[in-house]
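Input: a single structure, listed below in structure tokens.
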Amino acid sequence: MGTEDPNRAYIPSRPAPSPFAATQGIRPNILNRPIVGPDASAFRPTPPPPQQNTTPFSSSGPAESGSAIKPNMHPASHPITPFSSSGPVSGTETPEFRPSYSARSITPSTNAVPPQSGPPASGPFQRFPSPQFPSTIQAPPPQASPAGQQFFPPQTRPQISTAPTGPPPTINSMPSGANIPNSSVDSSIFAPRPNLQPSFSQMGPSNFVRGTMQSAYQAYPGKQPPVVTQPPPVKSAAFVPHQENYRASPPAGPTPYLSSQGGFGAPPVATSTGPFSREQMRPTGSGPPMGPVQGLIEDFSSLTLGSVPGSFDSGLDPKTLPRPLDGDVKPKSFAEMYPMNSDSRYIRLTTSAIPNSQSLVSRWHLPLGAVVCPLAEAPVGEEVPVVNFASMGIIRCRRCRTYVNPYVTFTDSGRKWKCNICALLNDVPAEYYAPLDATGRRSDLDQRPELSKGSVEFVAPPEYMVRPPMPTLYFFLIDVSVSAVRSGMIQVVAETIKSCLDRLPGSSRTQIGFITYDSTIHFYNIKSSLTQPQMMVVSDLDDIFVPLPDDLLVNLSESRSVVEALVDSLPSMFQDNVNVESAFGPALKAAFMIMSQLGGKLLIFQNTLPSLGVGRLRLRGDDIRVYGTDKEHTIRIPEDPFYKQMAADFTKYQISANVYAFSDKYNDVASLGILAKYTGGQLYYYPSFQSAIHKEKLRHELARDLTRETAWEAVMRIRCGKGVRFTSYHGNFMLRSTDLLALPAVDCDKAYAMQLSLEDTLLTTQTVYFQVALLYTSSNGERRIRVHTMAAPVVAELGEMYRQADTGAIVSLLSRLAIEKSLSYKLEEARNSILLRLVKALREYRNLYAVQHRVGNRMIYPESLRFLPLYALTLCKSTPLRGGYGDVQLDERCAAGYTIMALPVNKLLKLLYPTLVRIDEHLVKALPKTDELKNICKALPLTAESLDAGGLYIFDDGFRFVIWFGKMLSPTIAMNLLGDDFTTDYSRVSLSERDNEMSRKLMRLLQKFRECDPSYYQSCHLVRQGEQPREGFFMLANLVEDQVGGMNGYVDWIQQIHRQIQQNA
């Protein structure tokens, strides 16, 4: 992303196949009836309040509509392949992707459903306020907290409105201060909405454009919105939030879904439990629903989908659909429940409530596991504390080798401690002994970070070393063929290396070496006794040997002047080179022979498809015959086993490979990226690289790679409590044993995902513990062990698993599984596997409440997963999975897959749902510099309706900026930002700071965005409205909520999910 050629012809080779199976029509709505029976006497209707609209998300725009089909016709349903994660794991990071844009779109259709009641008394689409029932008030029993009550009276209008009940309540059954956070739930009844009558604009004999209060394409007056062949639908509300007109009173007894009472016992801890004793913090038992009122409490959010007579409209207002405009939302209740857990930046569970049985796991359907980022960057003041036990040795369990942590308990007056993982009693060494107070708390607890903090770093004693700690080592393998010279890559790489020599970690221990190659291999003698480097050329590619092996890898501080002379001369040394060949495979073997004694980081700069010697590759990306067949996946996996074998050899000798791929032609990134995938490395992809345009991006990302803190020759293991274990791992590593990950190099930009399974049929414990241990060598040569410990409750109810779900962790694990599936199956099957899991999960959740509640035609979902359907859609539209041959170039697709496999959660969510903000008003206003980032208007939905022709917008996905200039934007703003170039073709204009306050303010703004996440550098792409194909390529194709390239929009996606949920509900 960012170095694409947007001016290439934008003509897809063939229509993109629809990624989702067609589904059958919607069943008729289930009528909402008044409450009858023995419970009816407790409720009395009150007169409705004056009609008003207090919904903060009310919309004046038109609802999306689909293509019209006959009501009695049901499309054929295609089979959906179950999700699997077979095939080789792939991953690493790429800086930018190139999306494709197509003017073609397919609007899915829905079947008409009958209205819920008879026609209104006046007007074809008149709305009437419904009688509303307040909750009754009863005295709450002990240990029951108030919960919201909502009732649905008979509907007297043909439209279907949404009826959300707000975020799910967490019932507090313990005293304040216990491990269960308090929460309150307000019940709301939606207010009546005014009638919105659509107007018509004739477009032809059978088509018309639907008009309402504002155009669906504000920035595109000449663009037609989707057309239908039926009368226009009437707007109805969707996702009506809480209103304060009514307040629910406490229920008469425990709620039927009081699952939070069943599994949130306080784990044994070594620190103080606050003002409550352990007896007070014991969890109360959960029982069956009691009392007549509780059966109607809705502990979920809902969305009603339907249509009005004579229309196929979904009844949804797209503006009110849930969107993650605030980015990654970390679960807070779990952190409050277990304050001594490791921070969520290091480890996140897909659900913080662990199922207690295999049957519960089988009903979960979503991935069950964790995402770990062991070296995540911590804010200032929250660094991981370092503990040195010195001669005493690290305190560990004798049996399971768990490190001492906040959840171990001390007994026998402090002489023994009980392991929280395996429950073994261990002796406390005399040097570590401390007496206990009356509450069982160690007297030195405040001075022991390992007993009070979930994340800690131990200094490892000599017995944790199999060899002396390796020095920091960087080896550069640089392609110097003609394409590398002409693109300017060699010049930028050489300048960046020289500028970073003083900042390389490792101080005086740092080692460095170089090899260049084209059709031959060039070694460089850079020992300190020389004044100039000596180049030695080896042309025998079949029998590689290393001349002067002791002088090719040198200490940087001793040979600094020779190293600088080499990097200064590299660009001029090959400026006249016209060699088009690439002996990459033999050069790779030569680098391995030099580095195998010490290990280190190998930085590969590859610009030409390997063509000579071992590891040569062939052009296979243009073979369109394999697309859509069972052999389609073979072009996305390495063709030659040489690279995977080299990766295994690298890992064995503690060598990590980072691959920088530059090419405007096919470079077989699928094969090259495997080097980074299995060595704990990273892949950077720069298609169509030109130094005049993209040098800042390469310079920044290479400098960060060289200077960021790195953990060397590392291994990582995750220990689990009794009854659970991790079964599969996903990311960039080599699996040394069943649970030991070999990581030659680790840094803060890498995350690893893993799936969890139950070993026992039934868990008998109330709490499960996890401990991540990363043993590594720091850049200063110190052996350390970073430990992250986490506790999670065991629950017996599926509803509690959903309430404690973490959308970010689920999406992160789901994306890795889908990408791995694409390496063994067709892309369509990988996309269908995402949809299938989502439908199964929401259907199972619906079944939890279908008996007690009148869910009718509503799509219900847990509040914790309100963004999951949208993230699933964006994942299906992401570069690794979307479309087919004509949508994404093969190298670009593979590079994007490697990137997502290694991204931490927050970076992945930003990539899937980027930020879109309007900045023209901000640039005009005079605001203090310190408040610039805070005063920018809120992020906007990723849809064309968000773009105003008179506005200036920034699109940021974490890898690039797209700055969109509306065609009605004030010429003064454009001239201040671009100077005299504001009227020319924007593909030839580069953004730079100009001598005016508006330009300086924009550049400061972009810099602040980059500082928020420095792992990648966002290069700027300027786009003018209507400038095709550039606008469609950079902006419109990335508006993931719209229908683009034959893939569903957000509203159609919700309809499709709801239809499939109802099929077997």
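Please read every residue number as a count from 1 along the shown chain.
The backbone N, Cα and C atoms fix where each Cβ goes, and this holds for glycine too.
Nobody curates TrEMBL annotations by hand; they come from automatic prediction.
Among the features that TrEMBL reports, compositional bias 'Polar residues' is placed at 82-93 (among others).
Marked as compositional bias 'Polar residues' by TrEMBL: 102-114 (among others).
The compositional bias 'Low complexity' annotation in TrEMBL covers 124-135 (among others).
For 145-154 (among others), the entry in TrEMBL reads compositional bias 'Low complexity'.
The compositional bias 'Polar residues' annotation in TrEMBL covers 171-187 (among others).
In this model, the domain 'Zinc finger Sec23/Sec24-type' (394-432) carries an average pLDDT of 95. Here TrEMBL flags 394-432 as domain 'Zinc finger Sec23/Sec24-type'.
Taken from TrEMBL, the feature domain 'Sec23/Sec24 trunk' covers 469-705.
Look at TrEMBL and you will find 939-1004 tagged as domain 'Gelsolin-like'.
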Worksheet item: Can you name the far-off residues of the same chain, 6+ from the ends of the domain 'Zinc finger Sec23/Sec24-type' (394-432), with a Cβ under 8 Å from a Cβ of it?
Response: 267-271, 340, 440, 442, 450-454, 456, 458, 460-461, 719-722, 769, 771, 773, 785, 787, 789, 791
Item to complete: Tell me the residue counts in helix, strand and coil for the domain 'Zinc finger Sec23/Sec24-type' (394-432), as DSSP assigns them.
Response: 6 helix, 11 strand, 22 coil
Worksheet item: Do you know the DSSP helix, strand and coil residue counts for the domain 'Gelsolin-like' (939-1004)?
Response: 27 helix, 11 strand, 28 coil
